[in-house]
Amino acid sequence: MDSIHGHYHIQLSNYSAGENLQSATLTEGVIGAHRVKVETALSHSNRQKKLSATIKHNQSSRSMLDRKLTSDGKVNQRSSFTFSMIMYRMIHFVLSTRVPAVRESVANYGGNINFKFAQTKGAFLHQIIKHSDTARGACEALCAHWIRSHAQGQSLFDQLYVGGRKGKFQIDTLYSIKQLQIDGCKADVDQDEVTLDWLKKNGISERMIERHCLLPTVDVTGTTGSEGPDQLLNAILDTHGIGYGYKKIYLSGQMSGHTIAAYVNENSGVTFFDPNFGEFHFSDKEQFSKWFTNSFWENSMYHYPLGVGQSFSVFTFDSKEV
């Protein structure tokens, strides 16, 4: 009996052990499946948190303004969040990688950096990314304000920043820049006309040269692409025999457009402003020409037709303050 009992006991023990092993395996499978579900849920949760953080970053209410309201009681413009804001932030990031190369090249051609500014990064990007009409950039409005400030013998950056140093923005100037860009982006308007009207109200008008008893403007349009920037450069430097002039330069390509500006003076040289890189000065036109053709055009990536390297329009302006 003992041996029999012993025999059955062993069988029963083995059966019990097998059952326990099967049970343990099933339990482990359930736990493993549960772990996968938990890890998947956590991964999804982390993605949601990252997206939420990105949205909050884009819509952050962190104040960088000298005060909450403009002089006439208006608040800093913002719109509802859109996923395009994230896309534009990525594009700005790519462009911002070109800033060091462009700035470092200025001194190599005898130029000086008057002010380091870039709408593609930092505090200014944080401000324009808050509104869908300025998220892609505010280059047109920035150039218009730069021309006005320069014509008045002032610096745009003294007007934009408290104390003329990067940090807090003066809301009146920031609001004005953003609003001009927003006005020019409306579906039923021509942005060039909006800018021209704004400049005219600020004492700056398009140059007109008398030809055959007519007074046409001296706007110039042309192509870059495979031709390179020579035609564009000639249009920028041409002062039409007057010796000076403000230039608003629009560059366009297959997928985007960009505005830059310049003040050209036969005696004092060229002051150049690109909202993506800052304000630079060259004491003579020859220095500027070499820099623009041999360095800037490629370092900025503006030579790519897919970007803004296909065609251009150059507007010339006169000012009462000149």
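A Cβ is built for glycine as well, from the same backbone N, Cα and C atoms used for every other residue.
What Swiss-Prot records for this protein:
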ACT_SITE  Cys139  active site
ACT_SITE  His258  active site
ACT_SITE  Asp274  active site
Protein Cβ atoms within 10 Å of Asp274 (active site), excluding its own: 25
Cα distance (Å, whole number) from Cys139 (active site) to His258 (active site): 7
Chain-internal residues near Cys139 (active site), provided their CB is under 8 angstroms and they sit 6+ positions away: Gln119, His258, Thr259, Ile260, Pro275, Asn276
Packing count at His258 (active site) (other Cβ atoms within 10 Å of its Cβ): 21
